[in-house]
Amino acid sequence: MQIQSFYHSASLKTQEAFKSLQKTLYNGMQILSGQGKAPAKAPDARPEIIVLREPGATWGNYLQHQKTSNHSLHNLYNLRRDLLTVGATVLGKQDPVLTSMANQMELAKVKADRPATKQEEAAAKALKKNLIELIAARTQQQDGLPAKEAHRFAAVAFRDAQDKQLNNQPWQTIKNTLTHNGHHYTNTQLPAAEMKIGAKDIFPSAYEGKGVCSWDTKNIHHANNLWMSTVSVHEDGKDKTLFCGIRHGVLSPYHEKDPLLRQVGAENKAKEVLTAALFSKPELLNKALAGEAVSLKLVSVGLLTASNIFGKEGTMVEDQMRAWQSLTQPGKMIHLKIRNKDGDLQTVKIKPDVAAFNVGVNELALKLGFGLKASDSYNAEALYQLLGNDLRPEARPGGWVGEWLAQYPDNYEVVNTLARQIKDIWKNNQHHKDGGEPYKLAQRLAMLAHEIDAVPAWNCKSGKDRTGMMDSEIKREIISLHQTHMLSAPGSLPDSGGQKIFQKVLLNSGNPGDSEPNTGGAGNKVMKNLSPEVLNLSYQKRVGDENIWQSVKGISSLITS
């Protein structure tokens with residue numbers, strides 16, 4: 001079928017959308033014959049935004065009159081390439097419109113990166129919608145479906161194909177090093193697929209080098225976006241772990257309509273988080289594999305907005321809390337299957353004890369107050385577990401923290417200070433406002449968990465944006481503590497030295513790379529500009545550098561679920 005004949009049969013709206021896409025052709029270039037698949041990946045782009053400012057510098061007359069965006073052309077190119085691959089999966093590699101688009105992209109590819117134009121940005125943002133419209137038009141042609149039904153089918157088909165593409169790509173360890181004041185810190189993000197004792201990953205349903213992306217929202221077998229995150233420092237000729245925790249997506253498979261399957265799925269995901277938590281404690285894992293029943297303390301910090309006014313995160317929080325409650329009844333022993341060093345499944349016995357928090361950290365929670373009351377009903381119980389029943393700031397800590405301090409450990413002062421800070425935040429409801437530090441309570445809960453030898457775990461809905469920012473805030477404070485031997489006051493903006501640490505962490509924590517296997521594009525949606533300005537969180541002030549803020553934001557604003 002020729003492209004022109006397709007336009008005669010497609011809707012006017014679809015015609016106009018694809019005419020706009022085809023304007024990316026460069027004049028005088030011929031379209032090469034191709035197989036309708038996406039072109040090769042663009043060369044890697046530098047992490048910083050590059051803007052030419054020298055009088056003689058130019059990208060050609062075409063770009064001289066174009067407004068540039070803050071997005072790398074290579075990143076946009078690779079996003080469009082991945083979307084075309086999904087389209088080819090649904091429509092087949094011989095589709096003439098896909099062939100045309102792929103060839104145009106190949107011709108337009110440039111070796112040197114540059115900021116994209118606003119027109120290129122708009123084309124990238126519209127591509128997914130246009131591909132779904134193309135699939136719908138093809139479905140109408142072939143099956144005679146009504147337009148609305150064809151569009152619904154197309155959206156589901158594209159989503160399923162995209163999930164499979166993202167899940168089936170290699171999920172690999174991300175490791176970056178940063179240097180500050182002569183100290184070398186290594187940030188490591190280890191995906192579930194690489195949590196191994198032997199040649200295979202430890203999970204009974206093996207990941208086989210792959211993963212479960214944040215968009216796979218009906219998956220009832222695996223946790224979404226499950227990683228172990230660590231930061232270590234090289235001292236005295238060896239690496240010392242400063243922090244280790246587990247990050248993941250919400251436990252609720254929230255697009256599963258059957259309530260029983262949704263609950264089973266949430267519990268399966270929770271078991272995988274517990275398995276990952278056990279893996280993060282090698283000595284405890286070895287005891288469990290030797291047949292000993294082991295106790296495992298975990299501090300779970302949800303970052304969702306516990307309200308259904310916008311979205312359904314309130315229901316997701318309920319599903320997650322129900323899963324933790326089901327697995328952690330007092331005195332309950334649970335059996336997990338773990339693949340040992342020989343690759344055989346082995347049953348281990350653990351007694352899990354979970355302090356389950358939820359702390360809203362987005363604009364809906366901190367600027368509009370959504371979900372705060374519901375979250376605090378969970379948080380009060382979890383604080384009793386962690387700190388004892390007397391939550392007055394001046395009271396001696398009880399609970400897990402009291403048990404730890406009774407041993408007079410080397411980190412006594414750090415633990416005592418974190419406990420006091422958390423109590424102050426709770427007493428004054430500081431976690432209900434941005435106050436210059438959106439993650440003030442969540443970040444300190446995770447740090448305190450690590451300091452008392454419990455396992456910190458944290459998650460938002462997807463396990464990438466809010467979860468990634470929490471990861472960066474933890475590592476910022478951990479490195480700052482290692483450098484200054486002092487903890488930051490709650491609700492304080494970083495000073496210039498703290499901003500330098502934060503900037504380095506944001507660019508070298510592995511979080512931007514973690515977003516790519518989940519969505520096909522690197523970037524964090526926490527970085528946004530809302531109108532009116534009063535709705536914005538304090539991240540521009542916390543980061544202190546517009547270029548780095550934009551770099552961390554990446555192409556997240558162009559990606560739609």
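The backbone N, Cα and C atoms fix where each Cβ goes, glycine too.
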Per Swiss-Prot record, range annotated motif 'CX5R motif' [choices 68-74, 180-186, 460-466]: 460-466
Under 8 Å by Cβ from CYS460 (active site), same chain, sequence gap 6 or more: GLY249, VAL250, GLY302, LEU303, LEU304, VAL361, ARG466, THR467, MET470
Cβ-Cβ under 8 Å with the motif 'CX5R motif' (460-466): same-chain residues at least 6 beyond its ends: 214-215, 224-227, 247-250, 302-304, 313, 316, 361-362, 511, 514-515, 518-519, 524-526, 556
CYS460 (active site) in three-state DSSP notation: coil
Local confidence of the motif 'CX5R motif' (460-466) - pLDDT mean: 95
